[in-house]
Amino acid sequence: MRVKDTLNLGKTKFPMRGNLPKREAEWEKNWEDQKFYERRLKLNEGHERFDLHDGPPFANGNIHMGHALNKITKDIIVRSKNMEGYYAPYVPGWDTHGLPIEQQLTKQGVDRKTMDRAAYRELCRKFAMEQVEKQRTDFKRLGVMGDWDHPYITLLPEFEAAEIRVFGKMYENGYIYQGKKPVYWSWSSESTLAEAEVEYHDVESPSIYISFPVKDGKGKLSEENTYFLIWTTTPWTIPSNQGIAVNPKFDYSVVEVGDRRYVVGTDRLSAVAEILGWDSYKTVQHLKGTDMEYMVAKHPYIEGRDSLLMEAVYVTDDDGTGLVHTASGFGEDDYNTAMRYGFDVLSPMDNKGCFTEEIPDPDLVGKFYTDTNEIVKDKLSAAGNLLHYSTFVHSAAHDWRTKKPVVYRATTQWFASISKFRDQILDQIEKTTFYPAWGKTRLYNMIKDRGDWVISRQRAWGVPLPIFYAEDGTAIVTHETIEHVADLFAKEGSNAWFTHPVEELLPEGFTSEHSPNGKFTKETDILDVWFDSGSSWSGVQALGRAVHYPTSMYLEGSDQYRGWFNSSLITSVATNGVAPYKSVLSQGFTLDGQGRKMSKSLGNTIAPNDVIKQMGAEIIRLWVASVDASGDVGVSMDILRQVSEGYRKIRNTFRYMLANTADFDPEKDRVAYKDLCKIDQYLEVKLNDLVAESIVNYDKYDFADVYKLVFKFITNDLSAFYLDFAKDVLYIEGKDSHARRSMQTVIYDAAVKLAKILAPILPHTMGEVWGYLKEKEEDVYLSNFPEIEDYADADDLKESWGEFMKLRDDVLKALEEARDQKLIGKSFEASVTVYPGEAAKAALDKLAGEDFREILIVSNLVMGQGEVPAEAKQFDQASVLVRRAEGEVCPRCRMYRTDLGADSRLPQLCGRCASIVAGDHPEILEEGLED
């Protein structure tokens, strides 16, 4: 037998390389075949629930890194909650109605205006379900576990029926009304938009200053050559002007410039004078805003049109002139002010953004609104009322789907009245927990400031508004009509609205005093898609999915404070008086490595599927766990490669632990904690602390700290310390020796506990690790998080070993200096004498019996007594003297020993190794030992 054959070298088939792109798919198939998701829930039946309600992604296109961040975070939470013992189901969902799907059909050459509506909607449904199937495959490939065979989908009949009932309950409670008021209007999609469907981009717009001649100053202001001065960025709205708003709290100045007088806000006067080039002007009069109410101006270029002066507190002195042009059909503030003063709404624009015959200037009829800016400018100039024209860049509202500008346009729509139950909503926000905490303020302020919700849309693909109209135009919505429509939708889906005549959509024998002839018509608009997803708390129940209400958590991107978090809260409070969630967790956006938004034009997008093919889903999952996603997070291939290095470190550490516990049977070889060597007890205590802190961080949804703690433990406590000196015990000591079994106990425990703690983050790899451990559960996901032990001596151990670690640092510094001086090469070439300080000596006394030489990986260690030699190095905890070790290298333990050949039967070995080999391999005493 050769010397190396006497060593207890670790062996394992656990591969060094994960080959993740190939093997992950195999593991995922096994999870599905073995029904691990269902079995985990079965284990937790009857336990406290944790329900994470999935915010439905839109079923259109390939998944992106934002999807990956979101879905993996949810999966980490659900897995960790299940491993804590909660009953934590996960039911994925999809949002399947809306304009993007219509746009995709248009790209395929489908013209909805030439088709039967029901047939067109069937094409939309088919396309949406194809997208669901594609995304379902991609999400599962990220390692996300859930009830993928029974998702909730907003186009499913039962879901649509539930949504109709939510609408009906809101109507019954008095929260739904029809009105004509300005809403965001997308001419590019020919539909209204909710606030959540609007995004902002920089555009270049006109900036013009216009004078309105005073017609009636009510005896307080001269009409002769006197003008009200306004500023606007929308010249196209000037023909529809109905009034001028002033702030009742502001002071105004009448200034003389040449032969004209202008009324300007006093605090804006100097800025306006500079812009208009008034080198000299004279203030001739002061007015209060209240003085000007009900004064009348002439339209700046349309004969016979007047403009009323009205009070409005929203007028600011941040920009402009302190007087604001008001057109009731093209602005929410304009509308509200005009209504207070008894105006009719003037909104002379069609669905495509072109002016209708209602416009007071007939030259503009049929023209696209922005094309009229130049015409209006020229007419103002000809009338002598254009004082200044320039352009400037500012942020303007755009349709989030088409990326085209939107306008405020007054149209007849259906609304949810937020004002009627705003206080209830705000009260529910106060009772909700937010991660991060600032989310509470953000959502609170959005609800506090938001106007009524326009819920009708002029599109084809969506859930129809379940409203009928009588012969006299009266809208009809009753409990009976809602239930009848909902029951029909539950059987046939919402396409029934378009395939059945109105008589079949109404309850049998339905009558109304408003239809003496029994004739009715049905609404053609559909519900806002945010009403779809905002009703998901109800739809998922109607589908019989395993999600309780109110649910434990909603988790989405921070844009959903104005989207899904918002709409879900409104529908739930409006119908049941409670928030649909107990907690809300929001995430930032995924940016590239330089902090830029990802876009195809910049070429900085990363597709999760491409990463999976190159590196594996585990690398994406580890990236998700490593970042603080409460804000925006960067991702690039370079960043993912760095994450991959971290993964490799984790994998190799597990491989070492598995190899060196391959001959360890925890049932018969385990050493009880009280009998462990003190250094092993210390590592058990450190491991226990790691488990406790990790579970706390899982409960705080702080996965970055879980990863940091685990990686630090693996890198510092295991690789750089414990496993570094472990070879001297694991390889050299007797196979069944107490020291070796003690250390194997700790290493095995570390492998088991770390696998459990990392399982929610790296389920593929930890499942692979689990297959090499001797645990009873079939998969790590079927086990629970480790129990937290109560070690009575934990504090004493940490204090004593903490002092030793400081001493160790001093010894390592001394060894490094000896290396620099060429005194030694490897640390085992050294003989070290330590003269400990008081704190270190006290710690060493408490740890008496430990082999510190072994821990320091030196050939000889002496605790010096008496006077410290002059050549010793002085450090914080001790003085250290390093000499080259005497003796010869033992070929087995690689230490310098002076007792080689002490056992004549094994002359090559030192006394320690000879004794061990004789005990483990007595046959060698007969056969002899080769080098």
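Backbone N, Cα and C atoms are what each Cβ position is placed from, and that goes for glycine too.
Sequence-distant contacts of E556 (L-isoleucyl-5'-AMP binding site), defined as residues of its own chain at least six apart whose C-beta falls under 8 angstroms from its C-beta, comprise G55, N70, G563, W564, F565, S586, Q587. The L-isoleucyl-5'-AMP binding site feature in Swiss-Prot is assigned to E556; the stated evidence is sequence analysis.
Secondary structure at K600 (ATP binding site), as computed by DSSP, is coil. There are 7 other CB atoms within 10 A of the CB of K600 (ATP binding site), with all protein chains counted. The feature ATP binding site is assigned by Swiss-Prot to K600.
Positions annotated as Zn(2+) binding site by Swiss-Prot, on the basis of sequence analysis: C890, C893, C910, C913. For C893 (Zn(2+) binding site), the same-chain residues 6+ apart in sequence whose C-beta sits under 8 angstroms from its C-beta are D728, I732, C910, R912, C913.
Looking just at the motif ''HIGH' region' (57-67), the mean pLDDT is 93. The motif ''HIGH' region' feature in Swiss-Prot is assigned to 57-67.
Here Swiss-Prot flags 597-601 as motif ''KMSKS' region'.
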As a quick check of your reading of DSSP, tell me how many residues in the motif ''HIGH' region' (57-67) are helical, how many are strand and how many are coil.
3 helix, 1 strand, 7 coil
Integer Å distance between the CA atoms belonging to C890 (Zn(2+) binding site) and K600 (ATP binding site):
63
I want to check the contact list for C890 (Zn(2+) binding site): same chain, sequence separation of six or more, C-beta distance under 8 angstroms. What comes out?
Y896, R897, L900, Q908, L909, C910, R912, C913
Using a 10 Å radius around its CB, how many other CB atoms surround C910 (Zn(2+) binding site)?
26
Need the DSSP three-state call for C910 (Zn(2+) binding site) to compare against my parser.
coil
